[in-house]
Structure formats: C-alpha cells, structure tokens
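Please read the structure below before turning to the comments.
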Amino acid sequence: MGDWNLLGGILEEVHSHSTIVGKIWLTILFIFRMLVLRVAAEDVWDDEQSAFACNTRQPGCNNICYDDAFPISLIRFWVLQIIFVSSPSLVYMGHALYRLRAFEKDRQRKKSHLRAQMENPDLDLEEQQRIDRELRRLEEQKRIHKVPLKGCLLRTYVLHILTRSVLEVGFMIGQYILYGFQMHPLYKCTQPPCPNAVDCFVSRPTEKTIFMLFMHSIAAISLLLNILEIFHLGIRKIMRTLYKKSSSEGIEDETGPPFHLKKYSVAQQCMICSSLPERISPLQANNQQQVIRVNVPKSKTMWQIPQPRQLEVDPSNGKKDWSEKDQHSGQLHVHSPCPWAGSAGNQHLGQQSDHSSFGLQNTMSQSWLGTTTAPRNCPSFAVGTWEQSQDPEPSGEPLTDLHSHCRDSEGSMRESGVWIDRSRPGSRKASFLSRLLSEKRHLHSDSGSSGSRNSSCLDFPHWENSPSPLPSVTGHRTSMVRQAALPIMELSQELFHSGCFLFPFFLPGVCMYVCVDREADGGGDYLWRDKIIHSIHSVKFNS
C-alpha cells in the first residue's frame, strides 16, 4: 500500500511545533491509524473481492454486485482520510519552516549586533551582563530550533486545526453513509444484468465490523482532541493576557507602594512654612514621620521640631479643609491659613458646638491644640510644640496651662493658652508672670464689658489621661505629664484677663516664649509689641 515514511517524517517535524494536545493528536494518528491500518487492516481486506460470491452464473453479475456493495474499499477510504486529515498539518508545517528560517535570520542579525556591542570598550559592567544574557538566550533558541507560537503562526495553527476538524467530520459522515456501523454478511443485489434478486456473501464480516467501529472511535477521539486544542489555545491566550495585566499591576504596586504600608522609625517632625492657617485640628500619629506646615507671612525661615501629635487644617469659616500626602517621603503636609481670619467665634476641636469653651474637662484626650479667630489684618503667628526632655527620668513637675484674653479691634474678647514646662530651667520668668497677675484687676473690668466671647485660642486637653509619652529625637521617653486641675484653672482665670497673647516657640534644645501685648493709644487703635522670653532667635510679627 505504499511507504508511509515520507508522511511520517513530515508529521514528526510538525510534532515539534505543536502544543501538548496537538502532540497527543499526532501520536494517535501515528499509532492507532497509520500503524493499525498498515499492519492489521490490510490483511483483513486483502481477499475482499475474491471472497465475495453471488449465487448466480450470469456473466458480470458478480462484478456489478461487488461494486454496488463496496463503492470504495474501506482500506483506501481510511488511507484517504489519513492523507486529507494530515494535509492541514503539512500546510502548517510549511509555514512554520518559513517562519523558522526568518526567525533564524533575525537571530543571526541580533547575535552579530550584540557581538559588535561587546567589542565596545566603553560598556559598563551592567550592560555587558545584559548582552551576555541576551546571547545565551539566542543560543538556547538555536538549540530548541522552534518558532514561538504567536502572531500569524498562531493564526495558521488555529486555522489548520479547524480545517482538519471539518475534514474529520466529513469522513466520519461519509463512512456512515457508505457502510454504517456494521458489515452485514448477506448482501442482496438487484442490479442488472443480474436476474431478479441475487444473494451475495461478504467474507469476514465480524472482523470487518470491529475494524469499522475502531476507526470510527479513533476519528471521534481525534475530533475531540481538536476541540480541546482550540479551547486550550483560547484559555492559554486568556491566561497570558491576565498574567501580563497582573504583572503590570504588580510592578505599579512595587514602584508606588501605598502610604499606609510605609513604616518609619524616625521621630515625628513639625515644619512651619508660609501659608494662611484657618483652623488646626489634632490627629493621632503612630510611629510615622509627619510634616505640619503653619504659615508665617513674609518669612522664609522654617523650624523643624519634634511633633508628638499630628495637625491638620479644618477651616472655621466653612471652607473645605485639605491636606496633601506625600507617599514617597512618608510625610503629611498640612497647609493652614491664618487662625485669626474670619469673625466667627472660636471653636475647640474634638468638642460639640454646645459645649463650653472654657471647660478643660470637655476636651478630648487626643486634642491638644485649639483655634482662634481675629480680624483679617491680624499678625500671623506660628504654633509649635514643646520639645520633650532629654532626661529619661521624670521631672515630677507638670506642665501648666495658661490662658489669657485680650480684645481685638472690634471689642470682642480673645483668649490664648500655652503650656509652660516647669521642668525646664528658665522656661519662664517669675517677674513676667507676676506682672501679668498684677495687671489682672485693671483689665478685668474691661474684659467684663465685652458682649461677645470666643473660645480659647490655644486649648489643651487633660494630660492625665494621656496614654503614653512619645519618644524624643534621641530615642528617650519623657515621663507621664500630670495635670494639677486647680492651679491650672486658677492660672487660666488669672491670665484670662491679662491682655497678653503668650505664644510658645520650640526649637531643638531651645524653649522660647513670645508675648504680644496690645496697647490702645489715644485714638482707639491698638499697637502691637512683642516680648521674647528666654529667646535665642528673634521673631517678628507684621501687622
């Protein structure tokens, strides 16, 4: 029946350029079709015509009845089926060889270009390593001797699968129409020149029926493999697309990790820069580096001090607060306009609107800084925090909350508060506080005549409920700050009518207080003058 070596050699070449399902299909084609057909089926159909006998002596009747019973021999039918079903694979193999040749030329061109780059003495080590990896990859591709299944080659592969599937279905239908699923031993022939109906007998009908069912089963399995291969290619393409998408998202996550995943062990910091603060509200920081921007107009000086708590901006006149997060630096930049801008009443953060502004018991444990309002021509000021003591031992003296009230240009009362660190030597002067207390009676009558009062400028919570002291810059911890409620309330009421704004400025290793007094001249205007207590750097306020 001819030699199958040529067809087998070509199909073996196709085997190297197929998918795993395609290789299974080729294995079934080789073993269960070509081998079975050559070794066993030929002998079964060898005496097909000679053993076909009819009960008539009419010349030509046997030939006519045999031709009617077997329009085409099943052996030749199966050979044609193998050739036609394999022909799309041969076409694909031709295209694959063409692409392989073009791929080899491109590989040689790339290899020559990379070798030319290697001869350049100005290449750095990283570039040389990259070129070496590329050369090794090209050599590996040469050993594989295979073209990547993508692009037009992939389309050709899918097309050849569809074509052989259609041919497989066609041959299965043809075999069923010609012979069905069973070979009958008796065939009645009514073709002329046979007289009437002639009985003809088929040799080895049972054996032929078995081979017929076997070939039908192999054809059905081949068709199922073709369908599975199409699904395999589609699923693989979808998975490749999803993998590329997930890889790109992974790269984006690595290049830009979220802010909440960044952890820092450095001390918290506070920076003061230029903008107009409106309202300052507290936040709680957990071992993260934070930057707070509080604006001082006409000044480019920036102080950087430890910040135990985080500040954010929340406008008191209904404006929308905003903040900027820098994910790469791990800092929070808070832009705050002037805390005195607007004429609305002062409010303390962490309290409801119906709460008293002077009740320290109503303040939240996380709140440590309040807000104040004033005329828009007021001088801007910067609010800092105290630097924690470098001494890890507790000082035993609490911080004192001082409140002072004064009048603005409209006659409304203003209140300011500050924490005085008694543990620091020289943090305040006794003479200055004595003067403030002595002037209480003089300003008390003026403050009592005011019709409208605003909430505290700087309001601090109960530090007796503070969870734990925050670490200083040197890594030490300060002691728990305990508040003496009665002395604080007394001093707050004393400074409530003192008419002085006392503002703290803290630099690393320096504790500085600035007192701003407003004095009325004969015309009713207020003059600003500043006093610096225990100061190293001078601070100016521009009215």
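Including glycine, each Cβ sits where the backbone N, Cα and C put it.
For 317-328, 400-413, the entry in Swiss-Prot reads compositional bias 'Basic and acidic residues'. The compositional bias 'Polar residues' feature in Swiss-Prot is assigned to 344-359. Annotation source Swiss-Prot lists region 'Disordered' at 306-359, 379-424. Annotation source Swiss-Prot lists topological domain 'Cytoplasmic' at 1-16, 98-165, 231-543. Here Swiss-Prot flags 38-76, 187-209 as topological domain 'Extracellular'. Residues annotated as transmembrane segment in Swiss-Prot: 17-37, 77-97, 166-186, 210-230.
Here the topological domain 'Extracellular' (38-76) is broken down by DSSP into helix, strand and coil counts: 19 helix, 2 strand, 18 coil. Within the chain, the topological domain 'Extracellular' (187-209) has long-range Cβ neighbours (under 8 A, six or more residues past its boundaries) at 44-45, 47-48, 51-56, 58-62, 64-66, 68-69, 74, 181.
Listed as Cβ neighbours of the topological domain 'Extracellular' (38-76) (distance under 8 Å, sequence separation of 6 or more from its ends, same chain) are residues 1, 4, 175, 178-179, 187, 189, 191-195, 198-204, 207-208, 211-212, 215.
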